[in-house]
Amino acid sequence: MKRKIDFNNRATDQVAFHNMMNEKDEEKRKEKKNKRRNNIISFFFILVMIGTLNFISSISRFDNAKVMDKAFKQSIILGLSLVIFILMCSKKFGGLFNKSVRGPLFRFTFLVGSSILFIVVALGPSSIFPTVNGGKGWIRLGSLSLQIPELLKVPFVVSIAGIFARGKDTNEKISYKKNFWTAFIYTGTFFLLITFALKDMGTAIHYVMIAGFMLFLSDIPNRWLYPFFFGGILFSPVLLSLAAKLTSGYKQHRIKVYLEGILHNNYDRVDAYQIYQSLIAFGTGGIFGKGIGNGVQKYNYIPEVETDFAIANLAEETGFVGMFIVLFLFFTLFVLIMNIAGKSKNYFYKYLVSGIAGYIITQVIINIGVAIGLIPVFGIPLPFISAGGSSILALSLSMGYIIYINNNHTTD
């Protein structure tokens, strides 16, 4: 009888020991998740704070009434973005959003709905859907204007992630060729509609870059990817020329000015005015910059200095050191997000999180490339730093979604 009691006690002790070890493992996993979450939130808010300081400096050139008006609008956007971010981080709201965007029904509905919306925006009255810098795609809501294609980038990433993950999380036999062509047609539809209906080739190219980034992270064999990659490089000048001819004269002029600058190093002070002044801002910033608020290019030398060319003002006022810090922050944030992608429990979240990382880093590359004359002027904002509602709203949604996935759908 005594042996039996001892045996039972040993069994109970073993169960208690295993439970204790499981609890410790769970605590370690939670600590790792919390550390990743805190790092993401820290870098997110640091970049937004830098953007806010740069915005305040950029609008200081205006009179007090206009400064207050712009500051009030930006405050509304930042407040709304914070609410969206907090809601997306929560298990309840984030989980509800997560359930609603998964599956083929969402992908089909999003594609059809976006196509109809783009056509309505293109043909709608200019009082509601204004033309900005030769492109459509904007909707005016009172005193605020939002860029619709910018807001749709996150659901686009979700859709492409769902396409590439088909069959992998459910053990269904779906050919990678089918996934490839589905993603190709899906992305091509957005590219054509945004380029020709909305006349916004820069945003359309960004959609393609996002899909391309996700494509190279998918399990589609390299023998399929390399021909498209090198073929795209070879035929990109032809495609750009064709797209330019079929779009507005404003876009054609931008590409012509870009080619003149990149091929002949001739940045005309009239036609290439923005790039010319942006390069001056970068050059005069020196090592440490002129100091926050002390830049001169914002005084009507660079149009869109608080939006698309925000990086030029930042370069002038913070110099090489400031640019190094900003690029370091972006690169580190990219690595942190990709780390969460690697820890994701299934392929859908892996592709989704890596797609958001690609969405952010490709936008950084385009914006800075434009500012230093390596890429034609396309009107793509710098994430977290450029002023404007559409970009920060979409980015806040994506960052909150990443936090939700990190907290609920990662292994450790």
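Each Cβ is built from the backbone N, Cα and C atoms, and glycine gets one as well.
Unlike curated entries, TrEMBL annotations are predicted automatically.
For reference, TrEMBL has these:
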TRANSMEM  39-59  transmembrane segment
TRANSMEM  71-88  transmembrane segment
TRANSMEM  108-128  transmembrane segment
TRANSMEM  148-167  transmembrane segment
TRANSMEM  179-198  transmembrane segment
TRANSMEM  225-244  transmembrane segment
TRANSMEM  320-340  transmembrane segment
TRANSMEM  352-378  transmembrane segment
TRANSMEM  384-404  transmembrane segment
Field: Cβ-based contact of the transmembrane segment (320-340) with the transmembrane segment (179-198), 3 or more pairs under 8 Å
entry: no
Message: How about long-range neighbours of the transmembrane segment (352-378): same chain, 6 or more residues beyond its ends, C-beta under 8 Å?
response: 153-154, 157-158, 160-161, 201-203, 205-206, 209-210, 213-214, 217, 254-255, 257-258, 261-262, 267, 272, 274-275, 278-279, 282, 308-309, 311-312, 315, 330, 333-334, 337-338, 340-341, 344, 386, 395, 398, 401-402, 405
- request: Give residue numbers and ranges for long-range contacts of the transmembrane segment (179-198): same chain, 6 or more residues beyond its ends, CB-CB under 8 A.
  value: 107, 111, 114-115, 118-119, 121-122, 135-137, 149, 156, 159-160, 163-164, 166-167, 204-205, 207-208, 211, 214-215, 218, 220, 224, 243, 246-247
Field: Per Cβ pairs under 8 Å, the stretch of 39-59, 108-128, 148-167, 384-404 packing most closely against the transmembrane segment (71-88)
entry: 384-404
- request: For the transmembrane segment (39-59), could you work out the same-chain residues 6 or more beyond its ends whose Cβ comes under 8 Å from its Cβ atoms?
  value: 66-67, 70-71, 74, 78, 85, 292-293, 295, 298, 305-306, 310, 313-314, 317, 326, 329-330, 332-333, 336-337, 340, 382-387, 392, 399, 402-403, 406
Field: Distal contacts, the transmembrane segment (148-167) - CB-CB under 8 A, six or more residues away
entry: 101-104, 106-107, 110-111, 114, 117-118, 121, 137-139, 173-174, 178-179, 182-183, 186-187, 190, 194, 198, 200, 203-204, 206-207, 210-211, 214-215, 218-220, 346-352, 355-356, 359, 381, 390-391, 393-394, 397-398, 401
